[in-house]
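Chemist: Could you have a look at this structure, given as structure tokens, before my questions?
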Protein chains: 2
Amino acid sequence: MKEILSIVKIGGNVIENADELDQFLLNFSQLEGPKILVHGGGKLATKLASRLGIESQLANGRRITDAKSLEIITMVYGGLSNKNIVAKLQALDTNALGLSGADGNAIQAHKRPVKNIDFGFVGDIDGINSKLLDTLLQAGITPVFCAISHDGKGQLLNTNADTIASEIAIGMSSIYDTTLYYCFEKKGVLMDVEDGESVIQYINTKTYSDLLEKEVIADGMLPKMENCFHALQNNVGKVCIGDISMLQPNAKLFTTLTL
Amino acid sequence: MKEILSIVKIGGNVIENADELDQFLLNFSQLEGPKILVHGGGKLATKLASRLGIESQLANGRRITDAKSLEIITMVYGGLSNKNIVAKLQALDTNALGLSGADGNAIQAHKRPVKNIDFGFVGDIDGINSKLLDTLLQAGITPVFCAISHDGKGQLLNTNADTIASEIAIGMSSIYDTTLYYCFEKKGVLMDVEDGESVIQYINTKTYSDLLEKEVIADGMLPKMENCFHALQNNVGKVCIGDISMLQPNAKLFTTLTL
């Protein structure tokens, strides 16, 4: 029997709200067993960029990460958010340690190749340093990742936090029985997007294709679900989607995905 | 025989100059054996604060770290400088991992008590997590510290980088034979401050009191020297002061301090 490892991703909406972040971190700190946190960005970087008069660069309507944006992201998510989350977790007796993908060569990536759009300093992940993460976990440490990877040639790369979480879960599945949690502002995958309580509690490959056919799942939820099934197809045991209350021991209303 | 551990501190002047930083990191990466880097701040944070219209707060002419300054410091040193140094060291085949004192509870501190001046969020160090650092070093990792500690209650604290370096060296001396290097813009402790080549190559407790008497050592150099002797009196084997060339194997011109 492998030990259970929880990989939890929180979105930018949670990070931006101080009260919600504190509540989340309390729930996270009480989660038993080894665990890893991945935090997304949110609008903090955009706000700082705007204060500095740096405009978002777009290409074909898609945001791109130029050198200045990458600096802002590294400051805000790699510095401000990451270090404050770590300090708060320490106060909750969780021995957190903040990481970007460059730290300990934790997440190896390459700059996304230019096809129609040059996304700039955006990373596509090649691999996870599961040995490093296992060493840290075995030492009682809780790794806390910001959404930055590196190319091994000295370049930091802005990287999707959902993808970092799923790739970490996949990479750790050879050593641990992994559960991947996506915490966001909703209670789960909704049957009716207008009804926040209409949570679909279980989704598997079969019901997922039904939901797709009925167009229940669309737009922003699609890439997230693809990420989830990609993880499940690569040995991640279980994926859960919900709001921050999902991590509480008595939580009932959230979505669980299995193959 | 204990293994030799090198603890290297670089000042803000080195960090600010991209070419000098690259040369330093090359020298540092070639330093044999386990090693730890501590980087100071420099003017990057002041520059960002000024761009954001945040004024330095002074009390009795001394700079204080208010909440906004601490945010800037956390972004610039904990994020931008630290992650870029780590990424560059990775490219030089040094498995660097960036840390603040909150990460892994590496540096425990308390907010400096208010006497005549309230310095704000400034930390005085209580202890070093030598077990964590040894675990990382044994895993082939090179810890890279920014000058931030924490109070264990969720508060990050701006902390003097020279002191962090000496406290780490002291804390690791029970496990390793430690050498502490202070890299700055000069070639060493100078006999004549106007002559950059007039390096005093060896200083011990006896010659130090002679130099103090003759007022050769004064002003900015005094706290640095006090830090050095504090380290030596607490089991650090050797302290070296010089510019970035000091780390090269054939380096000759720098200052070595022993008891």
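The backbone N, Cα and C atoms fix where each Cβ goes, and this holds for glycine too.
TrEMBL lists B:7-242 with the feature domain 'Aspartate/glutamate/uridylate kinase'. Among the features that TrEMBL reports, site 'Transition state stabilizer' is placed at B:Lys9, B:Lys224. Residues or ranges marked as substrate binding site by TrEMBL: B:Gly41, B:Gly42, B:Arg63, B:Asn158.
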Chemist: Pairwise over B:Gly41, B:Gly42, B:Arg63, B:Asn158, annotated as binding substrate, what's the top Cα to Cα distance to the nearest Å?
Modeler: 14
Chemist: Which three-state DSSP class does B:Lys224 (site 'Transition state stabilizer') fall into?
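Modeler: Once the DSSP labels are grouped into three classes, B:Lys224 (site 'Transition state stabilizer') ends up as helix.
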Chemist: So around the substrate site, B:Gly41, B:Gly42, B:Arg63, B:Asn158 aside, which residues have their CB within 8 A of the centroid of those CB atoms?
Modeler: B:Gly12, B:Gly40, B:Ala45, B:Thr46, B:Ile73, B:Tyr77, B:Ala147
Chemist: Are there any residues at least 6 positions away along the chain from B:Lys224 (site 'Transition state stabilizer') with a Cβ closer than 8 Å to its Cβ? List them or say none.
Modeler: B:Asp162, B:Tyr182, B:Ile241
Chemist: Counting Cβ neighbours within 10 Å across all chains shown, tell me which of the recorded positions B:Lys9, B:Gly41, B:Gly42, B:Asn158 comes out on top.
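Modeler: That would be B:Lys9, with the most Cβ atoms nearby.
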Chemist: If one measures from the C-alpha of B:Gly41 (substrate binding site) to the C-alpha of B:Lys9 (site 'Transition state stabilizer'), what distance in angstrom results, rounded to a whole number?
Modeler: 11
Chemist: I want to verify one value. Collapsing DSSP to three states, which class is B:Gly41 (substrate binding site)?
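Modeler: Coil, per DSSP.
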Chemist: So how many other Cβ atoms are close to B:Arg63 (substrate binding site), meaning within 10 Å of its Cβ?
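Modeler: I get 15 for this one.
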